[in-house]
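Taken straight from TrEMBL:
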type: COILED; residues: 25-73; note: coiled coil
type: DOMAIN; residues: 21-163; note: domain 'CASP C-terminal'
type: TRANSMEM; residues: 142-160; note: transmembrane segment
Amino acid sequence: MVMPEQCHPPSPGTAFPEGQVDSLLSIISSQRERFRARNQELEGENRMMQHTVHALQSELDNLRADNIKLYEKIKFLQSYPGRGGSRDDTEQRYSSQYEERLDPFSSFSRKERQRKYLSLSPWDKATLSMGRLILSNKTARTIAFFYTLFLHCLVFLVLYKTAWSESVGRDCAAYCAKKYADHIHRFHKDGDEGDMWQ
């Protein structure tokens with residue numbers, strides 16, 4: 001191998017002997033061939049690495065899309081009543097990506113609903129929660145329907161009984177007053193009411 005300090009460019013007037021030029025040429029040629037082979041080897045490795053990176057990137061994108069679809073299915077299943085549950089780190093990680101894929105208008109609408117819900121009073125929140133609970137379950141809807149029907153019938157019967165009692169009381173009072181007037185008229189024609197108590 002030729003050392004760098006030995007490879008000074010020749011001055012225009014000096015010439016190398018024939019044997020030295022051939023040995024320098026063979027050394028440089030072999031070095032060039034080694035560099036070319038190493039370069040081709042590195043370029044091949046680089047192409048292989050780029051191909052692997054592209055394959056892994058496409059696989060990662062496919063897995064991310066599959067995970068978002070799975071998260072969407074989880075959200076769908078959790079929307080059924082009685083299927084709540086704790087959220088783990090995986091669900092939270094894909095939750096934001098799932099939300100980003102949604103329509104921006106629905107995202108805005110959801111944020112507005114959340115803002116309005118937070119501005120409600122506690123009584124309104126309780127009423128809204130009860131309404132959602134009743135409307136989301138068939139059994140709860142049936143119970144609420146029959147409960148409301150029962151309450152209406154109960155109120156109607158109580159009002160009817162109260163009105164009937166008052167009506168009977170008025171009728172009894174009118175009947176007693178008429179009987180009393182008839183008695184006074186029949187037995188006390190002279191208007192001497194003082195004898196009535198004797």
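Note that Cβ sites are derived from N, Cα and C of the backbone, with glycine treated the same way.
Caution: TrEMBL annotation is automatic and unverified by curators.
Just so it is clear, the model here is predicted, and its values are computed rather than measured.
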Of the residues in the domain 'CASP C-terminal' (21-163), how many are helix, strand and coil by DSSP?
127 helix, 0 strand, 16 coil
For the domain 'CASP C-terminal' (21-163), provide the mean pLDDT of the predicted model.
85
